[in-house]
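Residues or ranges marked as phosphate binding site by TrEMBL: 80, 124, 125, 126, 127. As annotated by TrEMBL, substrate binding site applies to 203, 205. Positions annotated as domain 'Nucleoside phosphorylase' by TrEMBL: 40-289.
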């Protein structure tokens, strides 16, 4: 069954042209079905350089590129986001935090709709702080929870508070977990991901410019998070899950943990170790894409 993108906006049908401003793309200037109609997998992550590295990696894995091949930034007309494509895979940066990824997702979902894409899978790959896990562990998100451990995304729209579900596709999470078992290179778990509004106080860190709580209070909070099922903390998963749900898109979040927050706040691993950690979600998702395409 062809599962197309569902747009929750009747106003778009009345528009002669849709300008995706932050992508520097538009339906009046670009042929979306020709450019993107074959896309089946979309991988999004914070850093433009990381998403460029991912497209080079997946191109090699799928046998669609040659070593040293350069991949042009489709969004070169803007410095907000970067976008790369090879075969059925689109790789897009989203910046840091809920506002940045939500802007990107509005335009990405419209892009996929205008391109008439079907049966899309969107996966966020990134880094996070772990809770009770050894650094380098990979967390596949069961559901995103807010800072009070509720599985919801709360947003004020027209002055009213709107609450949306943050559940992610359970079957997709299981498939990714199976892929990790087949790879057998790093510890992987399925757990809840806490999505916060900032990196410091919102995550209970003691090393920000402002901190008006003590270490015991911090540890109590993080242990409560762990007991509720939270295994990592980041800043994008809640709105990502909510928007994919509303658009009827199968989605997953796969993040590596750079440290165990029960043991400290600062990321002290060497550059080389961190680079290897950051490649783990890429390896897992790359293997999943290859397996789904029958290339494993």
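Cβ coordinates come from backbone N, Cα and C, glycine included.
Here the features listed in TrEMBL are placed on the structure.
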residue	record	Cβ contacts under 8 Å, 6 or more apart
80	phosphate binding site	22, 23, 95, 103
124	phosphate binding site	43, 44, 45, 94, 236, 237, 240, 251, 252, 253, 254, 255
125	phosphate binding site	43, 44, 45, 54, 254, 255, 281, 282, 285
126	phosphate binding site	45, 46, 234, 236, 253, 254, 255, 256, 281
127	phosphate binding site	46, 234, 255, 256, 257, 258, 277, 278
203	substrate binding site	129, 196, 233, 261
205	substrate binding site	199, 211, 218, 265
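Our reading of the phosphate binding annotation (80, 124, 125, 126, 127) yields a largest Cα to Cα distance of 20 angstrom.
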